[in-house]
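Novice: Here it is, the structure, as structure tokens.
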């Protein structure tokens, strides 16, 4: 007759994974989840279930728990808070011991923290609101290949935001016509142009031809203007091997920066590419295509501030951040919060901006936020005020949509940028006095004057879907 050697069966998660008196360690990875439980499910039980299913637990007791120090390795739900203005959900705070995760692998961290637990039947919805990475874990990650200061030195441009443009139409141009569009934008006054996120290697424009014509445009514009000019060459590809092949070719051409779609391309590929860029002296621009599928639902998914932290650890020198004023989602307070996460060494907990934990990045370089998406000349004063100097302001349609063409569109943006920076430096409240600043600058710039007339009625005044919970109070 078999002898029962351990307490088999199913027991409540809270008996093992709910520890309200636990004090998180400096080395713990901390997570804040917004949990919407199924009707009738107890808060403490479902918080403990999230801690269990995202760490060591499963649905039943297993005898192999006796072969390890479960109390050391388990995640612990240690605090529950109400969500302001929403009684259908609550915040649960979970602490994970650092040894649960492979060093330097945000892939491994996300596999646990936002893995199978998001499909748990006891939950109607689950959202990762914030994560605190301890400095002990941060130090195991490569981070940005170079960072803000190195990019400034490469570009030899200081004291203002960098100015860019996404080439439009994003799809359908031949390589030669694409290169022509790049040249016109750069000679008109832009610092950067870029491939759009879905420009890879399609039948109408294969990547080698695009790279060749882009580099020709860069060199011609540089020769004419005497300024350093750059284009982000998108190396996103079907396989890692093909991605590195394109990156190597960009390097051979002399391009200083390449681009990657980090979510569709994958975090494993992104970390590898960041390491390659560090070793080869290349800057890395990151597009966030697919992010809104993950982060826009206020009750389920992964908040963009979490994706921002993860990508800073994985590695990039630029990241698209939204604009506040353009066509894409993102309120001012939240956007300022994740801009700080990109650039600052230490970010203090600040619920008014959606930041739930202190975050220390130590000596890890900062990252340039990229404002892009539906912006034009009338937005410049607000963008200069919101983003400051260490940023890239990227006007796609707001450059190539100019009635006189790409070069005049670029000139209009360069004139207004310099006018706004000058006004700010003179102590003028540039966002408040923006109309006067632009009107004065337009007196000496017909390109700016016609741009202001063209887009004077264009606004994107839609309510934000993913509001800060503090705003509901």
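Glycine too: its Cβ is placed from the backbone N, Cα and C atoms.
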Novice: Return the residue out of 55, 352, 363, 372 that Swiss-Prot annotates for the same substrate site as 116, 166, 170, 288, 320.
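Specialist: So, going by the record in Swiss-Prot, that would be 372.
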Novice: Spatial neighbours of residue 288 (substrate binding site) among the recorded positions 168, 194, 196, 197, defined as Cα within 10 A: which are they?
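Specialist: Checking each Cα against residue 288 (substrate binding site), the hits are 197.
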Novice: Write out, in the order they occur in the sequence, the residues of the chain not among 194, 196, 197 that have a C-beta within 8 Å of the mean position of the C-beta atoms of the recorded Mg(2+) site.
Specialist: 166, 167, 170, 195, 198, 199, 232, 234, 259, 287
